[in-house]
Amino acid sequence: MYYGFDIGGTKIALGVFDSTRRLQWEKRVPTPHTSYSAFLDAVCELVEEADQRFGVKGSVGIGIPGMPETEDGTLYAANVPAASGKPLRADLSARLDRDVRLDNDANCFALSEAWDDEFTQYPLVMGLILGTGVGGGLVLNGKPITGQSYITGEFGHMRLPVDALTLMGFDFPLRRCGCGQMGCIENYLSGRGFAWLYQHYYHQSLQAPEIIALWEQGDEQAHAHVERYLDLLAVCLGNILTIVDPDLLVIGGGLSNFTAITTQLAERLPRHLLPVARAPRIERARHGDAGGRRGAAFLHLTD
C-alpha cells in the first residue's frame with residue numbers, strides 16, 4: 001500500500017492507495033503549530049493506524065510546501081513552523097523504520113496528474129497551479145524533476161516578458177512580489193492577481209468568483225477583463241512552454257475551475273510559440289484536493 005500525506009498549515013491529510021493507484025482510505029487531523037514532537041506524533045499515529053487497518057507496512061510519501069530538504073538535511077516550510085528547520089525526513093524514516101520520501105507539494109500535484117490513467121501516455125507533463133499563487137512542477141517519464149533546490153516549476157517567479165508590457169501598456173505597474181523581486185507573473189496570473197487586474201482597470205474591488213459570475217451573466221466589462229487575462233496568460237506561458245516543451249499541460253488551483261481558461265487558452269498559445277513548436281494538450285486537473293496526497297504516495301512509484 002502507498003501512503004500519501006498532504007501537509008499544510010492547517011491540516012495533515014493522509015490518503016492510502018493500492019497497487020492500482022486507487023484510494024482506499026483517507027483521514028485528516030489538524031497540523032500542530034508549535035511542537036515538533038506533536039507534529040511527528042500526528043504523522044506517525046496516522047501511519048500506524050493505516051498499517052493496522054490494512055495489515056501491511058505501507059510506503060510513506062509526503063508533500064509539503066517549501067523546500068523538503070535543504071543542504072543540511074532540514075525542512076524549510078514557512079507555513080509549517082512546527083517542522084520547519086527540522087530534519088523531518090530523517091526523523092520520520094528512523095521512527096517509522098522505512099524509507100520516507102518528501103517533495104514539494106506542487107511537484108506532488110504534477111506527479112499525481114502524470115500518473116492519471118489517461119495521462120501516463122505523455123512523457124513530459126507540466127503541472128501549472130493558478131491558485132492563491134502560481135506554481136507547478138514537471139514530470140518526465142513518471143518521475144518528478146526537482147533540481148538541487150526544489151524550485152523547478154516555480155513558474156510564478158518568472159518576470160513579465162516584454163510582450164506582456166506590449167499587451168498591457170508600458171506604463172503597466174510592476175508590482176513587488178513577496179519573494180522580493182519586481183514583476184513576478186504570480187502577482188498578475190494568480191487568483192489574487194486576477195482580482196487585482198480587474199481593480200486596476202475598472203476601479204472596483206471584486207474577488208475572482210464574483211468577476212467570473214459577472215462573466216457568466218454576459219457582463220461586458222467582465223468579458224473584456226477575462227479576454228485581457230487570457231491574453232496575458234498566453235504570453236507568459238508562451239515563454240515557459242518554449243523552454244519546457246511539454247506533451248501535456250495540466251492546470252490546477254482555484255482558477256482551473258473557470259473552464260474558459262482551459263478551453264480558450266489553446267486558441268491563444270500558438271502565436272506565442274516558435275513556428276515549429278507543437279502546443280501541448282491542455283487539460284484541467286483531474287484529482288482536485290486529492291492530488292497532493294496522490295502525488296506524495298506515488299513518490300514510491302518513481303524508482
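Using N, Cα and C of the backbone, Cβ positions are placed for all residues, glycine too.
Swiss-Prot has this to say about the protein:
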type    : residues               : note
BINDING : 4-11, 133-140          : ATP binding site
BINDING : H157, C177, C179, C184 : Zn(2+) binding site
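With a cut-off of 8 Å between CB atoms and residues at least 6 apart in sequence, the same chain places A106, L128, I129, G153, E154, F155, G156, E186 near G135 (ATP binding site), listed in sequence order. Counting every protein chain shown, the number of other Cβ atoms lying within 10 Å of the Cβ of H157 (Zn(2+) binding site) is 18.
Within 8 Å of the centroid defined by the CB atoms of H157, C177, C179, C184, the record's Zn(2+) site, lie the Cβ atoms of G156, G178, G180, Q181, E186, N187, excluding the listed residues themselves. Taking CA atoms as the reference points, C184 (Zn(2+) binding site) and G133 (ATP binding site) are 11 Å apart. Secondary structure at C184 (Zn(2+) binding site), as computed by DSSP, is strand.
You'll find the Cα of D6 (ATP binding site) roughly 26 Å from the Cα of C177 (Zn(2+) binding site).
There are 32 other CB atoms within 10 A of the CB of G4 (ATP binding site), with all protein chains counted. Of all the binding-site residues in the record (G8, T10, G133, V139), the one with the smallest CA separation from H157 (Zn(2+) binding site) is G133.
When other Cβ atoms within 10 Å of the Cβ of G137 (ATP binding site) are tallied across all protein chains shown, the result is 31.
Shown are the binding-site residues G8, G133; the one with the most C-beta atoms within 10 angstroms of its own C-beta is G133. Of all the binding-site residues listed (V139, C184), V139 sits in the most crowded Cβ setting, with the most other Cβ atoms within 10 Å. Note: the Cα of G4 (ATP binding site) and the Cα of C177 (Zn(2+) binding site) are spaced 31 Å from each other. The two recorded residues C177 (Zn(2+) binding site) and G137 (ATP binding site) have their Cα atoms spaced 20 Å from each other.
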